[in-house]
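I have placed the structure first, in the form of structure tokens, so that the comments after it can refer back to it.
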């Protein structure tokens with residue numbers, strides 16, 4: 001482990017923008033190094049105190065759906081090179097699972113999620129802030145493909161959710177958070193030039209921290 005605090009990279013962007021592809025590309029490049037991925041999706045609020053009919057109304061694209069207090073606490077622990085117990089969210093029960101995942105601290109932390117740039121407290125902890133910017137038509141097509149294939153959703157339900165929830169929340173919260181990004185990556189995981197530049201920048205920051 002390094003003697004300096006870890007490097008934190010925030011990667012935000014709308015659903016289906018290619019955040020995960022960008023995250024994986026960066027992670028794969030540093031494979032074998034001390035690096036971890038922390039997904040904001042794991043930090044939805046515990047709703048075990050609510051009846052199921054209330055849980056079903058959860059808007060997962062709204063900032064208030066996330067337990068950022070716990071996420072920030074865990075980030076501070078990782079920055080101090082302390083282990084955390086990452087929560088697990090059960091989407092079938094619409095609440096937090098009793099299961100936790102032990103996460104060892106690493107020298108590079110990739111924080112990925114639709115709204116990681118929306119909370120100034122999270123932004124303050126980041127060394128590099130990225131926003132993956134992809135055309136809305138492509139994002140809905142990717143989301144449709146994912147939800148139908150992986151989550152057993154119907155096309156009608158995906159479209160209805162997109163029109164009533166995903167698009168309004170994107171326009172209200174996700175898109176405005178783009179202004180806090182240091183770097184905007186168009187075309188998501190297909191933008192190999194931008195990813196290569198990011199990899200070089202991260203390597204430079206790591207080298208600077210080692211030489212301090």
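Note: Cβ is positioned from N, Cα and C throughout, glycine not excepted.
Look at Swiss-Prot and you will find 13, 14, 15, 16, 17, 18, 19, 20 tagged as ATP binding site, backed by sequence analysis.
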Checklist line | Chain-internal residues, separated by at least six, CB under 8 A from residue 19 (ATP binding site) | finding: 11, 12, 13, 112, 113, 114, 132, 188
Check: Near the Cβ of residue 15 (ATP binding site), how many other Cβ atoms are there if near means within 10 Å?
Finding: 21
Check: Here are some binding-site residues: 17, 20. Which one has the most Cβ atoms within 10 Å of its Cβ?
Finding: 17
Notebook entry, point to check: In sequence order, which same-chain residues at least six apart have a C-beta under 8 angstroms from residue 14 (ATP binding site)?
Noted result: 114, 134, 136, 139, 170, 174, 175
Check: Within 10 angstroms of the C-beta of residue 18 (ATP binding site), what count of other C-beta atoms is obtained when all protein chains are considered?
Finding: 25
Note to self: Neighbour count first, Cβ atoms within 10 Å, every protein chain included; then name which of 13, 16 tops the list of binding-site residues.
What the structure shows: 13
Margin query: Can you give me the residues near the recorded ATP site, meaning same chain, not 13, 14, 15, 16, 17, 18, 19, 20 themselves, Cβ no more than 8 Å from the center of the site's Cβ atoms?
Written below: 114, 132, 134, 139, 142, 188
